[in-house]
């Protein structure tokens with residue numbers, strides 16, 4: 001009997017097709033006015049996005065990206081995770097297309113900590129491992145599920161969410177966004193590692209703890 005379970009490759013392919021077919025109607029970015037606008041990342045012109053590279057300088061390489069082929073080093077930070085971006089800054093061919101993707105590697109017990117994307121909704125698929133995916137609504141309702149390989153999830157735009165590896169092997173996810181540059185505000189870093197620093201008394205009052213506790217947490221991010 002044939003296995004009816006979808007493979008990670010099939011789920012990733014579905015994710016790509018969904019991303020492409022919906023980008024023109026649901027993109028968080030302005031619609032393109034030409035076939036392509038490969039980002040000129042070296043331009044000194046400041047606009048909402050990136051200027052186009054002259055068409056005469058565009059090559060086939062501008063439309064292909066190999067950044068997800070390499071395994072990431074999840075021991076490079078205390079969270080035990082690493083996000084490899086496939087946004088316009090890494091893949092200039094995405095400029096004006098309103099789409100991007102990330103590869104997320106998470107070590108056993110590691111976490112992609114609570115964060116939000118201010119400019120995009122997110123859809124993702126677990127390629128390998130077991131991952132607890134959760135998000136919190138603006139009404140304070142927490143939604144979560146443990147996902148295995150080939151299972152997908154969606155995070156509405158702007159909501160705080162996380163991915164925690166609850167399995168015994170490394171987890172890999174591929175996530176997609178309806179923005180070429182969705183942005184990411186990582187809650188613990190934004191609150192406890194900002195420069196200049198958020199005042200201790202602000203955080204102490206917000207979390208109902210003493211300022212000594214705040215200073216102790218901040219020290220972990222130095």
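Note that Cβ sites are derived from N, Cα and C of the backbone, with glycine treated the same way.
Summarising the annotation, TrEMBL assigns signal peptide to 1-28. Among the features that TrEMBL reports, disulfide bond is placed at 37-52. TrEMBL lists 66-215 with the feature domain 'Cupin type-1'. If you look up TrEMBL, you'll see 102, 112, 117, 122 marked as oxalate binding site. What TrEMBL lists as Mn(2+) binding site is 115, 117, 122, 161.
All protein chains included, residue 117 (oxalate binding site) registers 25 other Cβ atoms within 10 Å of its own Cβ. With the fewest other Cβ atoms inside 10 Å of its Cβ, the least crowded of the binding-site residues 102, 112 in this structure is 102.
Within 8 A of the CB centroid of the Mn(2+) site residues 115, 117, 122, 161, the other residues of that chain are 116, 135, 155, 159, 160, 182, 184. Counting Cβ atoms from all protein chains shown, residue 52 (disulfide bond) has 19 others lying within 10 Å of its own Cβ.
Here the Cβ of residue 122 (oxalate binding site) has 22 other Cβ atoms within 10 Å, regardless of which shown protein chain they belong to. Taking the centre of the Cβ atoms of 102, 112, 117, 122 as the oxalate site, the nearby residues of that chain (Cβ within 8 Å, site residues left out) are 83, 104, 115, 124, 155, 161, 175, 177, 182, 184.
Between the CA atoms of residue 115 (Mn(2+) binding site) and residue 122 (oxalate binding site) there is a gap of 12 Å, rounded to the nearest whole number.
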